[in-house]
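Notes follow once the structure below has been shown.
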Amino acid sequence: MKRGALLVPFVPLALACVDPGDSNHSCASVFSVSSAAAASFCATFTVSAVTETTGVPAALLSNCDYKTKHLSSACSCLGPATAAAPTQTSAVTPTVAPTTLKANAVAPTTEAPAPTKSSTFAGNGGTTCTVTEYAAISSAVASCSNILLSDVYAPPSSTIDLQNLQTGAAVIFAGTTTFGDTPDDDFDPIVISGTDVTITGADGHVIDGNGAAYWDGKGSNGGSSKPDHFIVAKHMYYSRIENLNIQNWPVHCFDIEHTENLIISGITLDNSAGDAPNSASGSKPAAHNSDGFDIKSSTNLTLQNSWVHNQDDCVAVSSGTDIVVDNMYCYGGHGLSIGSIGGKSDNTVDGVTFSNSQVINSSNGCRIKSNSGTTGEVSNIRYENITVSGITDYGIDIQQDYLNGGPTGKPTNGVKIENITFVDVTGTMSDGKDYYILCGDGSCSNFVFENVGITGGSGDSCNYPTDTCLEA
């Protein structure tokens with residue numbers, strides 16, 4: 001949706017209804033931003049017939065706290081003057097690739113205006129601010145409970161800094177968010193912190209990481225300087241990141257650390273443009289080390305209902321406790337991973353479940369990796385209902401000889417790996433080995449395999465539980 005072009009006008013009825021923002025800070029704002037979807041929805045979703053949320057556009061449903069009373073109030077308060085016939089819209093379906101995302105950078109003006117404020121669409125009793133220029137972000141963060149970032153261009157060396165959000169604040173990305181070139185390994189384009197905050201996207205938005213400006217086939221292993229982490233989510237508590245469309249990040253996409261009770265849902269990560277070689281990468285894919293979600297030192301985290309096309313780990317948990325990764329679609333990368341573990345400030349992973357997910361055309365399916373010559377602990381890990389296909393290296397891979405430059409072939413036993421369960425893990429290989437387990441002396445224990453069947457590889461290689469791999 002273009003700035004300033006509301007497809008369907010909204011008529012506030014402030015005296016005749018209940019403000020939907022009383023209990024949920026972003027509900028009213030998203031009805032304003034996603035006006036076309038709201039118009040179609042409200043045409044049939046009436047106050048007198050609010051019985052279910054089937055068919056509700058994903059952005060409206062999530063920003064209205066999944067409560068029909070908020071949806072009803074929003075339709076009453078912000079009801080469209082006219083409405084098109086309703087259409088069915090579902091949440092992100094990981095098994096279907098998204099349409100191609102496109103980005104057009106918007107050049108910054110010499111002087112940025114202050115954010116436009118509106119009390120009509122205020123959430124949580126606060127103010128909604130629409131930001132169209134980078135320079136207005138800091139004042140919006142300081143003064144607004146709801147922030148709409150519309151077609152924002154971040155100049156070189158300029159972070160979209162969302163670290164000081166008000167408690168309960170909501171940030172909505174709209175239009176196309178773009179970034180200038182910043183060849184700096186320590187530069188983070190987006191940083192988010194806060195308590196009870198919601199980070200979400202309006203219908204049709206794109207966050208473009210300008211990856212093509214940096215890709216050289218080496219990622220963080222050398223070559224030119226490039227931002228190592230695109231989005232840093234740290235010290236987020238009881239918060240949500242949802243319904244974001246992100247493409248073309250330089251190296252690692254999400255760096256998630258020191259969070260508690262964080263829900264990440266409905267994310268589309270499309271780095272498919274990095275599959276092709278360029279002049280700097282030779283015959284290799286231009287993008288490298290392009291992890292989707294790196295999770296560290298976090299507790300009670302849920303990552304769900306998301307789609308990833310990249311060139312490295314789809315998800316990598318290197319430390320943390322009580323983490324659920326559910327309903328993921330992973331294409332082209334290195335699979336669903338624990339690790340690498342060892343040699344870091346936090347080397348403990350306990351209580352991680354990967355479930356109901358697909359790993360397609362990737363080098364690995366399910367992987368646990370510990371760094372050679374280091375210490376740590378990996379325990380209570382469960383892979384359940386995982387389907388793999390087109391895997392080129394290992395269907396199930398547990399190895400204790402890992403190094404970023406390549407495995408040593410000689411496992412060490414400083415990292416303990418115990419209570420590991422695989423249930424209903426099935427699929428096919430296009431090359432490589434179905435199962436590869438290389439444990440250090442006495443460092444692996446209590447592995448369980450139930451209804452595990454991966455076929456098509458050139459054989460297996462295991463030294464635990466036995467040399468016949470899955471037999472205890």
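Glycine residues also receive a Cβ, built from the backbone N, Cα and C atoms like all the rest.
Annotation source Swiss-Prot lists active site, proton donor at Asp312. A simple way to gauge crowding: the CB of Asp312 (active site, proton donor) has 25 other CB atoms within 10 angstroms, across all the protein chains here.
Per Swiss-Prot, active site is recorded for His334. Residues near His334 (active site) in space but far in sequence (CB under 8 A, at least 6 apart, same chain), listed by position: Asp312, Asp313, Cys314, Ser362, Ser363, Asn364, Arg367.
Residues annotated as disulfide bond in Swiss-Prot, with similarity to another entry given as evidence: Cys129-Cys144 (among others). Secondary structure from DSSP puts Cys129 (disulfide bond) in a beta strand. A simple way to gauge crowding: the CB of Cys129 (disulfide bond) has 25 other CB atoms within 10 angstroms, across all the protein chains here.
Annotated disulfide bond per Swiss-Prot: Cys314-Cys330 (among others), in sequence order, evidence recorded as similarity to another entry.
Taking Cβ-Cβ distances under 8 Å and a sequence gap of 6 or more within the same chain, the neighbours of Cys439 (disulfide bond) are Ile398, Gln400, Pro411, Asn413, Ile417, Asn463, Tyr464. Annotation comment: Swiss-Prot describes Cys439-Cys444 (among others) as disulfide bond.
Long-range Cβ neighbours of Cys469 (disulfide bond) (same chain, at least 6 residues apart, Cβ-Cβ under 8 Å): Asp434, Tyr435, Ile437, Asp460, Ser461, Cys462. Under DSSP, Cys469 (disulfide bond) is assigned to a strand (E or B) in the three-state scheme. The disulfide bond annotation in Swiss-Prot covers Cys462-Cys469 (among others).
What Swiss-Prot records for Asn24 (among others) is N-linked glycosylation site, and it gives sequence analysis as the kind of evidence.
Per Swiss-Prot, the feature N-linked glycosylation site maps to Asn300 (among others). Secondary structure from DSSP puts Asn300 (N-linked glycosylation site) in a beta strand.
Within the same chain, residues at least six positions away from Asn361 (N-linked glycosylation site) with a Cβ under 8 Å of its Cβ are Tyr331, Gly332, Ser389, Gly390, Ile391, Ser430. A coil conformation is recorded for Asn361 (N-linked glycosylation site) in the three-state DSSP classification, outside any helix or strand. The N-linked glycosylation site feature in Swiss-Prot is assigned to Asn361 (among others).
As annotated by Swiss-Prot, N-linked glycosylation site applies to Asn385 (among others). Secondary structure at Asn385 (N-linked glycosylation site), taken from DSSP and collapsed to helix, strand or coil, is strand.
Feature annotation from Swiss-Prot assigns N-linked glycosylation site to Asn419 (among others); the stated evidence is sequence analysis. Cβ-based neighbour count (10 Å, all protein chains) for Asn419 (N-linked glycosylation site) stands at 15.
Tertiary proximity for the repeat 'PbH1 1' (236-258) is limited to same-chain residues at least six positions away from its ends with a CB under 8 Å from its CB atoms, namely 58-59, 62, 92, 98, 101, 103, 173, 188, 192-201, 205-215, 219-220, 226-230, 264-271, 273-274, 288-298, 301, 310, 312. Summarising the annotation, Swiss-Prot assigns repeat 'PbH1 1' to 236-258.
Long-range Cβ contacts of the repeat 'PbH1 2' (259-297) within its own chain (Cβ-Cβ under 8 Å, at least 6 residues beyond either end) map to 58, 62, 91-92, 98, 100-101, 211-212, 215-221, 223-224, 229, 233-249, 251-253, 303-320, 323, 330, 332-333, 345-346. Annotated repeat 'PbH1 2' per Swiss-Prot: 259-297, in sequence order.
Summarising the annotation, Swiss-Prot assigns repeat 'PbH1 4' to 349-370. When Cβ-Cβ distances below 8 Å are used as the criterion, the repeat 'PbH1 4' (349-370) is approached by residues 94-95, 314-315, 317-342, 376-400, 402, 412, 414-415, 417, 420, 422, 425, 427, 430, 432, 454 of the same chain, each at least six residues removed from its ends.
What Swiss-Prot records for 412-433 is repeat 'PbH1 6'. Across the repeat 'PbH1 6' (412-433), the DSSP tally of helix, strand and coil residues reads 0 helix, 16 strand, 6 coil.
What Swiss-Prot lists as repeat 'PbH1 7' is 444-467.
All protein chains included, Asn385 (N-linked glycosylation site) registers 16 other Cβ atoms within 10 Å of its own Cβ. For Cys444 (disulfide bond), the same-chain residues that are 6 or more apart in sequence and have a Cβ closer than 8 Å to its Cβ are Ile398, Gln400, Lys416, Ile417, Glu418, Ile420, Ile437, Tyr464. Listed by sequence, the residues of this chain that lie at least six past the ends of the repeat 'PbH1 7' (444-467) yet keep a Cβ under 8 A from its Cβ atoms are 365, 388, 391, 395-396, 398, 400, 411, 416-438. For Cys144 (disulfide bond), the count of additional Cβ atoms within 10 Å of its Cβ stands at 25 [all protein chains shown]. Residue counts for the repeat 'PbH1 1' (236-258) by DSSP state, with H, G and I taken as helix and E and B as strand, are 0 helix, 16 strand, 7 coil. Comparing CA positions across the recorded positions Cys144, Cys330, Asn419, the one lying closest to Asn300 (N-linked glycosylation site) turns out to be Asn419.
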